[in-house]
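These notes concern the structure reproduced below.
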Amino acid sequence: MTEIFGKLHRSSNSENTNQASPSTIQSHSTQPVLSNDHSTKVNDYEGKEGASSNGYDPVFMSDRMKMRYNEITAQLHKEQSLKEDKESGSNSSESNGITPMGTYSEKPKLLQSRTPPSSCYIRHDTVVPKDKNGQHAFGRLYVRLHQGRDLNVKSVNAQPYAVITFEKTQVMVPPPFKDIDGGIPISIPSKNRPLAGSASGSSSGLHSELMLADVRCPHWDFETVFDVTKMKSQMVVSVYDKYEDDKFLGSVKITPIFLHEYVQEAWYKLEPLDLTKSLEGEIKVETIYEHIEHVRYGPEDFTALRLIGKGTFGQVYLVRKNDTNRIYAMKKISKKLIVRKKEVTHTLGERNILVRTSLDESPFIVGLKFSFQTASDLYLITDYMSGGELFWHLQHEGRFPEQRAKFYIAELVLALEHLHKHDIIYRDLKPENILLDADGHIALCDFGLSKANLSANATTNTFCGTTEYLAPEVLLEDKGYTKQVDFWSLGVLVFEMCCGWSPFYAPDVQQMYRNIAFGKVRFPKGVLSSEGRSFVRGLLNRNPNHRLGAVADTTELKEHPFFADINWDLLSKKKVQPPFKPNVQNDLDVSNFDKEFTNTNVKNINIVSNVDPANASTPLSNTIQDRFRGFTFVNKSIDEQFQNLGLQENEETDNLHACRTTTHSSVNSINSHGNPRTVDANDPVADTVFGETFEA
């Protein structure tokens with residue numbers, strides 16, 4: 001990565017930049033050469049004149065440490081002043097605006113807070129490449145997280161780390177390496193030596209302050225690169241303290257400037273999630289955008305690292321993109337299988353919906369980065385959500401506290417709101433299709449059973465979904481069903497999250513159908529508040545016309561007393577701190593996924609093509625291959641994407657009325673955690689058309 005920074009620096013010429021009044025942004029059209037050196041520490045000056053090479057005597061440390069502290073501070077200010085004068089003279093008389101090799105654009109100093117001067121500048125002769133539609137072509141965003149200062153940490157053992165999020169792709173920045181032998185030597189007083197009022201106690205306290213000052217100003221010097229697939233994207237850098245159980249230290253939202261080889265360098269003030277409160281601390285971030293021509297990717301451009309999931313028609317891999325080393329999830333789908341099962345339309349529909357939701361972004365829906373195909377397979381490349389499936393966490397914890405479940409349900413409501421607003425019915429809401437990112441926010445995935453172009457009161461008839469979450473009208477109504485089926489599934493999900501089992505589960509599928517259509521459910525004792533129970537009853541009303549959400553869709557759900565403490569505006573901007581943060585060590589962490597998959601050896605797996613001899617010997621005909629025309633996702637407008645696809649979105653001709661159902665594999669394992677099915681005898685009854693859902 002450092003080579004890229006240097007390459008961009010050498011490839012462009014700059015003009016002198018006039019520095020404005022102190023602010024928070026420093027941008028250039030050329031790349032200053034960055035050093036991997038950490039900024040000057042206090043101990044760097046211990047060997048200078050006036051410093052003892054033998055450490056110090058703790059008995060006489062108090063006055064000496066104070067004197068040394070003042071000397072160091074004065075020296076830092078002096079060197080910084082000389083450096084600025086030198087750079088100013090160099091830039092004005094000898095330089096063409098390019099920072100000489102081996103120097104710094106700025107070398108931050110410990111114990112000194114200085115906001116760099118601001119300048120926003122780009123050469124007038126810079127050519128900004130555009131595509132044939134007049135839009136800026138896509139490229140790569142290089143990011144360097146330099147350092148922080150004045151972070152709100154209270155312990156010298158603090159381990160500040162960061163999560164950088166861009167277009168839903170997340171990168172973990174580990175805590176900075178601590179040199180155990182570095183810094184001013186620590187003197188540990190003897191147990192029998194008095195501390196109160198002694199010079200030793202005073203020096204120890206001052207030394208602790210210096211150590212804390214060092215910890216509050218971490219130096220990450222971390223570099224990474226992101227694929228840019230849409231303009232106007234923002235980058236979020238969130239800072240946490242691992243030592244204090246992932247305490248949130250603040251975040252910044254940065255809007256990069258997508259001009260070729262444009263450098264943006266700034267100090268950004270950390271902001272709390274609740275803007276009515278204040279936070280200390282700043283971080284220094286640098287970004288460079290690099291334009292690339294339109295590129296068509298294929299499976300050979302990715303390397304499989306782990307298997308993280310497996311389905312009826314293919315597998316999901318953790319992959320690394322070879323040119324940027326960025327980590328993604330790759331869904332590989334066998335063309336032969338979906339043709340044989342008559343699922344071509346559903347599969348292409350999934351891709352279309354991912355394109356639509358990616359271009360009109362929802363923060364709670366997984367983002368599509370690329371899609372492409374070979375003669376035998378289809379490939380969907382999406383953001384990797386390292387927090388794992390919600391199902392995995394529910395399986396391991398049995399059930400969630402109501403507040404945690406409410407947070408997930410609220411974000412799901414916003415995800416469904418986005419889909420319904422765009423006339424999309426989801427139809428497969430279940431824990432396996434809900435992912436968590438590294439911060440603990442949800443992302444809805446797997447749109448294989450979703451249907452687009454379904455207006456508010458329109459109906460559809462396809463019998464599909466996961467058995468335990470099917471709405472009764474899917475089983476009983478010949479006239480079809482509406483988007484209300486998503487709210488029924490949401491009610492089942494709330495019950496399962498809070499109670500620990502599915503309300504309609506039975507070992508026999510036919511019995512499960514009867515339970516959904518006519519069975520009664522009782523809440524367990526001591527679970528769910530009265531508002532929570534009211535919310536579930538409203539969603540599990542068997543009459544879709546009386547169900548919560550039937551009149552005003554998700555607006556009704558958001559106005560329910562169950563969500564009285566939810567600030568929907570802050571939640572939609574991810575400004576509400578999740579109640580649970582997954583344990584994620586790095587970008588390659590798969591510990592939140594099922595080991596049945598992640599322990600699979602992928603070294604011999606060929607993601608480029610099917611290794612099945614049958615597939616190799618009997619290729620698909622040109623007529624069948626033509627059905628997949630337009631699957632590849634490139635940098636085009638959404639209208640062009642759908643025009644290139646040779647079928648209408650609202651067609652469901654492959655498997656109309658054919659049952660595609662799966663039993664929910666989590667039920668037995670969740671019940672095995674020992675959640676007793678004790679019910680509340682005082683729970684009131686809910687009125688429905690098809691029969692009472694809840695038993696008295």
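Just so you know, glycine gets a Cβ as well, placed from its N, Cα and C.
What Swiss-Prot records for ASP428 is active site, proton acceptor. Neighbours of ASP428 (active site, proton acceptor), defined as other CB atoms within 10 A of its CB across all chains, total 23.
Look at THR312 (ATP binding site): DSSP puts it in coil. Residues or ranges marked as ATP binding site by Swiss-Prot on the basis of sequence analysis: ILE308, GLY309, LYS310, GLY311, THR312, PHE313, GLY314, GLN315, VAL316, LYS331.
Under the heading compositional bias 'Polar residues', Swiss-Prot lists 11-37.
The compositional bias 'Basic and acidic residues' annotation in Swiss-Prot covers 38-49 (among others).
Among the features that Swiss-Prot reports, compositional bias 'Basic and acidic residues' is placed at 77-88 (among others).
According to Swiss-Prot, the domain 'C2' annotation covers 122-272.
Taken from Swiss-Prot, the feature domain 'Protein kinase' covers 302-563, and the record attributes it to sequence analysis.
Residues or ranges marked as domain 'AGC-kinase C-terminal' by Swiss-Prot on the basis of sequence analysis: 564-643.
Residues or ranges marked as phosphothreonine in Swiss-Prot (evidence: experimental evidence): THR632.
The phosphoserine annotation in Swiss-Prot covers SER665.
Feature annotation from Swiss-Prot assigns region 'Disordered' to 1-59 (among others).
The region 'Disordered' annotation in Swiss-Prot covers 77-118 (among others).
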ILE308 (ATP binding site) CB neighbourhood, other CB atoms within 10 A: 23
Maximal Cα-Cα distance (Å) across residues annotated as binding ATP, namely ILE308, GLY309, LYS310, GLY311, THR312, PHE313, GLY314, GLN315, VAL316, LYS331: 15
Integer mean pLDDT for the domain 'Protein kinase' (302-563): 92
ASP428 (active site, proton acceptor) - helix vs strand vs coil (DSSP): coil
VAL316 (ATP binding site) CB neighbourhood, other CB atoms within 10 A: 23
THR312 (ATP binding site) and ASP428 (active site, proton acceptor), distance between Cα atoms, whole Å: 15
For GLY314 (ATP binding site), nearby residues of its own chain (Cβ under 8 Å, 6 or more apart in sequence): LYS331, LYS332, ILE333, SER334, LEU337, ASP377
